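Have a look at the structure that comes next, please.
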Amino acid sequence: MKRVSLTQYLVEEQRQNNKIPAELRLLIEVVARACKSISHAVGKGALGEVLGSAGSENVQGEVQKKLDVLSNEILLEANEWGGHLAAMASEEMETIHPIPHRYPKGEYMLLFDPLDGSSNIDVNVSIGTIFSVLKAPDGMQEPTEKDFLQPGTKQVAAGYAVYGPQTVLVLTTGDGVNCFTLDREMGSWVLTQRNMQIPADTKEFAINASNARHWYPPVKRYVDELLAGKTGARGKDFNMRWIASMVADVHRILNRGGIFMYPADAREPDKPGKLRLMYEANPMAFLVEQAGGAATNGKQRIMDIQPTKLHERVAVFLGSKNEVERVTGYHGE
Ligand code: AHG
Ligand code: MN
Ligand code: MN
Ligand code: MN
């Protein structure tokens, strides 16, 4: 079998299909290199003294794990000097991070969730990194938070890495979804799945069912119907999976279908869900749509939402199209 590396794949996209500019290709390579470093740190675990809490809190009020902080630093350092970025933003930083003036400023902006699935770090369960790439608005001088507030449809690339039994990188530049596996000995990303597709129908769903008593009626109705199985309204049995790392749940869905839900609920009526629009929901929505699936907040397409703040939260329903459309439909009734 001929091995195609990430570099070769990106060069071909740039050259043959004219799908991506050279600058974007370089940016993606740098992000992939940073993910390789994070994968290395994750793999060392206790031996690398990377487990446990950092003793600090992020802007979301979450206790930061050492790996949340380390992964954020790795991504910042890797991406600062390349000349392709104007600014970065992250789950772990309160405000945006403009590229320091000692480096040339590029035309792209990078957003990331440096370490997704923090509660799984210390128990050796799959975790990951999620990223989204936007273009800086025309004529932008000093980047501000406002420049980042673009709907998901404006993303020019998105992807994630999963640090699991294998380390994989899943990527879209708007030309389908491809998966690369890290060859640890060679240190290179090898194309292992082309054009991933999510089946429109599924018998698998993912939701944190411990919140069931707080769910709003449309979600309760939908999940009750799934749980009723063969003899209920749906006429078939469904299986449930919940990893508590969105990257790992989405990776399963890209491989074999399913629906992932993190709804808003009655615990905090003012909070539109737990997950973050800009660096969790939007990049995953881009990937899922590029693979033939759908992603909504229960009412509208996630990628059409006009963000109003950097750390905005959003309800998420994504995955197999027919299921996402069904639960979205229940919200309209
Ligand atoms: P993060 O670790 O980046 O803060 O994100 C965690 C998210 C997501 O990965 C996962 O699906 C969800 O939180 C898990 O939530 P529960 O703790 O409710 O299971
Ligand atoms: Mn977090
Ligand atoms: Mn996350
Ligand atoms: Mn995170």
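Start at 1 and count along the chain as shown; that gives each residue its number.
Cβ coordinates come from backbone N, Cα and C, glycine included.
Annotations in TrEMBL come from automatic prediction, not curation.
Pulled from TrEMBL, these are the listed features:
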| type | residues | note |
| --- | --- | --- |
| DOMAIN | 5-193 | domain 'Fructose-1-6-bisphosphatase class I N-terminal' |
| BINDING | Glu91, Asp113, Leu115 | Mg(2+) 1 binding site |
| BINDING | Asp113, Asp116, Glu280 | Mg(2+) 2 binding site |
| BINDING | Asp116, Gly117, Ser118, Ser119, Asn208, Lys274 | substrate binding site |
| DOMAIN | 198-330 | domain 'Fructose-1-6-bisphosphatase class 1 C-terminal' |
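A description of the local structural setting of each listed feature is requested, covering burial, neighbours and distances.
Counting Cβ atoms from all protein chains shown, Glu91 (Mg(2+) 1 binding site) has 26 others lying within 10 Å of its own Cβ.
Non-local neighbourhood of Glu280 (Mg(2+) 2 binding site): Glu91, Asp113, Asp116, Ile130, Met246, Val316, each in the same chain, at least six residues away, with C-beta under 8 Å from its C-beta. In the three-state DSSP reading, Glu280 (Mg(2+) 2 binding site) counts as helix.
Long-range Cβ neighbours of Gly117 (substrate binding site) (same chain, at least 6 residues apart, Cβ-Cβ under 8 Å): Val125, Ser126, Ile127, Gly128, Ile243, Ala244, Ser245, Met246, Val247, Ala248. In the three-state DSSP scheme, Gly117 (substrate binding site) falls into the coil class.
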Just to verify a number: CA distance, Lys274 (substrate binding site) to Leu115 (Mg(2+) 1 binding site), in angstrom, no decimals.
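Cα to Cα, Lys274 (substrate binding site) and Leu115 (Mg(2+) 1 binding site) are separated by 16 Å.
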Indicate whether Lys274 (substrate binding site) is helix, strand or coil by DSSP.
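In three-state terms, Lys274 (substrate binding site) counts as coil.
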Express the distance between the Cα positions of Asn208 (substrate binding site) and Leu115 (Mg(2+) 1 binding site) as a whole number of Å.
20
Can you name the residues of this chain that are 6 or more positions from Ser119 (substrate binding site) yet have a C-beta less than 8 Å from its C-beta?
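Those within reach of Ser119 (substrate binding site), by Cβ under 8 Å and sequence separation of 6 or more, are Ala244.
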